[in-house]
Amino acid sequence: MAKQKFERTKPHVNIGTIGHVDHGKTTLTAAITMVLATVGKAQVKKYDEIDNAPEERERGITINTAHVEYETEKRHYAHVDCPGHADYVKNMITGAAQMDGAILVVSAADGPMPQTREHILLARQVGVPYIVVYLNKADMVDDPELLELVDMEVRELLSTYEFPGDEIPIITGSALKAMECACGKRECEWCKSIWELMDAVDEYIPTPQRAVDKPFLMPVEDVFSITGRGTVATGRIERGQVKVGDEVEIVGLQDKPRKTVVTGVEMFRKILDVGVAGDNVGCLLRGVDRKEIERGQVLAKPGSIKPHKSFSAEVYVLTKEEGGRHTPFFNGYRPQFYFRTTDVTGVVKLPEGVEMVMPGDNVRIDIDLITPIAIEEGLRFAIREGGRTVGAGVVTGIRE
C-alpha cells in the first residue's frame, strides 16, 4: 500500500496520556485508535505495540515512548504514551514530547495515587497548559456515589496544582471494555466514552499558536563579517519571522540587550523576502561589529525575551547506566548549563530539606548562572560536566 500524504488541512495538536501506573493509559490509547479506526480516522494500534515502545534518545537520555496518530472531524492528533513512570519524567522534562494538552487517566476503582499527583505537578511545572480527565475502570465500580467521590478528589487535586479543577471535563468509562468491544458506535455503552473523550479534547484543548505566529527568536550559531557589508549572524529561526528592515535585539551574555536593524536575510546564499520558523538563515545586522555578537546570544523581537542569571528549574539527573554521574551532588554543585547553543557555568541551590540529589532523581532546584542568558519559562536545557550530559531540565520560573 502506498504511503498516504500527510494532509495539512486540519489543525495539528500534540497530546499524551499521563497518570499512575496500571490505571489504563496504554489501554486507553489503544481503545482510541480502535474506535476511531471504525470511521477511518486512525490505524489500529494494539496494546502490545504501544506497550513495547521503542527507545529514543533526546539530549543523550534514553526514553521509551510510543507515538500514535489519529484524527477527529476537527483536528489531527499526535499522541504519546510512555510505558514507565521514569519515561514520563524524562519525556516531560526534556520536552521530547511537547504536549499542547494531556489526558489524565485515573482508575475509578483506586482514585488518585502518588503518580497521579506527580504527573499533575510535572504538567504544571513543564507547562502542559490543559488537562482532560478520563475516569477509567468504571465497570469495576458499582456505587455511583463512589464515582462522584473520585470525581471530586481528582478536581481538588487538579486545583491544588493551579489547574481549573472545576472546569476540567471528566469523562467516565472503561478503556478495556471499549477496546474489547471496538464496535465504534457512538451509542454503544462502552465505545461512547471514547467519543465523549475525543469531543472533550476537541473542545477543551485549544489549537496551539503556530511557531511562525510567535515573536521572532533566532539562536546565534555562528558569526562572520562580509567586507563592505557588515556582520552576519547565522542560525535556525526558532519562532516567528524576520524580514529586511525589522528591528531586533541581541540578547544574552551582556547585562543589557542591544538593538540593531536587519539589513539582509539570506538562506543558502540566496536572498529571502522573509525568514520563518524552521529556516536556517543568515541575518545581516546594521552597525554591529564582528566582536559585539557571538554564539550563545539570540536575535529576538525587541522586548520579547530578557537576559537572566537566576531561575528555578525542574531537572532530571541521569543514571550511571545512561552515562550520567556515578555519585550524588550536593548544594553548591557547579556544572555547565547548555542553553540552545552554548554552555554557561552555574551554581545549584537545593530545596530546603534536600541534602543531596542521586542519579535517577527528578528535583526542583534554583540556579544562578555566572553570565546572563536569554531565558524564559518553558526553556529546555542540558546539564553538562566537561561536555558530557549528566542531566536535563526545564525553566519553571525566573528569580531576580
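Just so you know, glycine gets a Cβ as well, placed from its N, Cα and C.
Among the features that Swiss-Prot reports, GTP binding site is placed at 19-26, 81-85, 136-139. According to Swiss-Prot, the Mg(2+) binding site annotation covers Thr26, on the basis of sequence analysis. Annotation comment: Swiss-Prot describes 10-209 as domain 'tr-type G'. For 19-26, the entry in Swiss-Prot reads region 'G1'. Residues or ranges marked as region 'G2' by Swiss-Prot: 60-64. The annotation region 'G3' is assigned in Swiss-Prot to 81-84 on the grounds of similarity to another entry. Look at Swiss-Prot and you will find 136-139 tagged as region 'G4'.
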At the Cα level, what's the spacing in Å between Cys82 (GTP binding site) and the residue listed as 'Mg(2+) binding site', rounded? 8
Min neighbour Cβ count (10 Å) across binding-site residues Gly19, Ala138 flags Ala138
Taking a Cβ cut-off under 8 Å, which residues six or more beyond the ends of the region 'G3' (81-84) line up next to it in the same chain? 16-17, 21, 25-26, 29, 50-53, 63-66, 68, 91
Just name the winner among Lys25, His85 (the binding-site residues) by count of other CB atoms within 10 A of its CB. Lys25
Asp22, Thr26: which of these binding-site residues has the highest Cβ count within 10 Å of its own Cβ? Thr26
Cys82 (GTP binding site) has how many other Cβ neighbours within 10 Å of its own Cβ? 25
Quick one: pull the CA-CA distance for Thr26 (Mg(2+) binding site) versus Gly19 (GTP binding site), whole Å only. 10
Could you give me three numbers for the region 'G1' (19-26), the DSSP helix, strand and coil residue counts? 2 helix, 1 strand, 5 coil
Write out how many residues of the region 'G4' (136-139) are helix, how many strand and how many coil, based on DSSP. 2 helix, 1 strand, 1 coil
